């Protein structure tokens, strides 16, 4: 008699995806972040659902409804802080996942990589509209400033901004539609993540050496399911420490004041996980140029498969490309810091240099390093 997980139509899908999945025998802990992202997504959807039960998307009551959740709802404060800090955790895992993909050449699986870029854009959109919902000072001023950048688009810019706002300013219509977007987008992300997995399982996982491992693959369970469980346990420990001891560490104090259109905060900035893109946006004095640079800061990832010049897939044995990769990581950290600073000297020039370096490394230096390494290896 056949085992049910191998014969039942529904269990068979789960079996092929998570139990008997042929997996390279040498993948490291850097491959854990995919499953951790799945865990973060489940956490965000479940906590968000409970918050949506008590939240009201009206400009008059939104701020007080969040206060009501924290004060009067049983464990509401915990659900709220888990959801708020869960977004930070999600983006930490996301950036680690992308970094691993770049380092080990996983971007050569073009379909999987492009779906991943689309998932990144959708995740950023979800986080952006979600930050508006508490209707604090930063919740109001941030979308006002960021969405107003779309007015730089020729011909349709101003109409597009007013269409997004639902009026001539960020108001009740904006809050209602942003709440609707914030509710539906995670489910679209879940569907796309399934497609992402589907494409990945068509090709099989990459490995640190970047070489085919079809002849030596092992089943995912119990080897990697145990490893993923350990990763999840460590992440939960870090996450709960953050939520219970430092819940407001990654937030903005201005958001504890109700939204006031007549009082502008001294320094409007996005959440920490968008600061690198915000710094690139600010580094260009022209409004339209800044918007284009902002989009390209993420879209540039789509060029990576076409800029790969090395005969080796992974950076494991490519010291020149390795040094460029870690320079890129340092540059992104510098941009994140700059994005949180006021627009004044010397931060302006540092941001401009770091922005130029970001695009130069990805578009010019890394392909060049691949060619040099090929020459050094006499390939």
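The backbone N, Cα and C atoms fix where each Cβ goes, and this holds for glycine too.
Here Swiss-Prot flags 33-53, 77-98, 113-133, 178-198, 226-246, 288-308, 320-340, 347-367 as transmembrane segment, drawing on similarity to another entry. Residues annotated as heme b b562 binding site in Swiss-Prot, with similarity to another entry given as evidence: 83, 182. As annotated by Swiss-Prot, heme b b566 binding site applies to 97, 196, with the evidence given as similarity to another entry. The feature ubiquinone binding site is assigned by Swiss-Prot to 201, with similarity to another entry given as support.
Positions of the features from Swiss-Prot, shown on the structure.
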{"residue": "83", "record": "heme b b562 binding site", "DSSP (3 states)": "helix"}
{"residue": "97", "record": "heme b b566 binding site", "DSSP (3 states)": "helix"}
{"residue": "182", "record": "heme b b562 binding site", "DSSP (3 states)": "helix"}
{"residue": "196", "record": "heme b b566 binding site", "DSSP (3 states)": "helix"}
{"residue": "201", "record": "ubiquinone binding site", "DSSP (3 states)": "helix"}
Counting other Cβ atoms within 10 Å of each Cβ, which of the binding-site residues 97, 182, 196, 201 scores lowest?
201
Residue 201 (ubiquinone binding site) to residue 97 (heme b b566 binding site): how many Å between their Cα atoms?
17
What is the total of other Cβ atoms whose distance to the Cβ of residue 83 (heme b b562 binding site) is within 10 Å?
21
Would you mind reading off the Cα separation of residue 83 (heme b b562 binding site) from residue 196 (heme b b566 binding site), to the nearest angstrom?
24
Rank 77-98, 178-198, 288-308, 347-367 by Cβ pairs under 8 Å to the transmembrane segment (226-246) and hand me the top one.
77-98
Which bits of the chain, at least 6 residues beyond where the transmembrane segment (178-198) starts or stops, bring a Cβ under 8 A of a Cβ in it?
17, 37-38, 41, 44-45, 48, 52, 55, 57, 112, 115-116, 118-119, 122-123, 125-126, 129-130, 132-133, 143
Any residues 6+ beyond the ends of the transmembrane segment (288-308) with a Cβ under 8 Å from its own?
98, 102, 105, 107-108, 110, 113-114, 117, 120-121, 124, 149-150, 152-154, 276-278, 280-282, 355, 358-359, 362-363, 366-367, 370
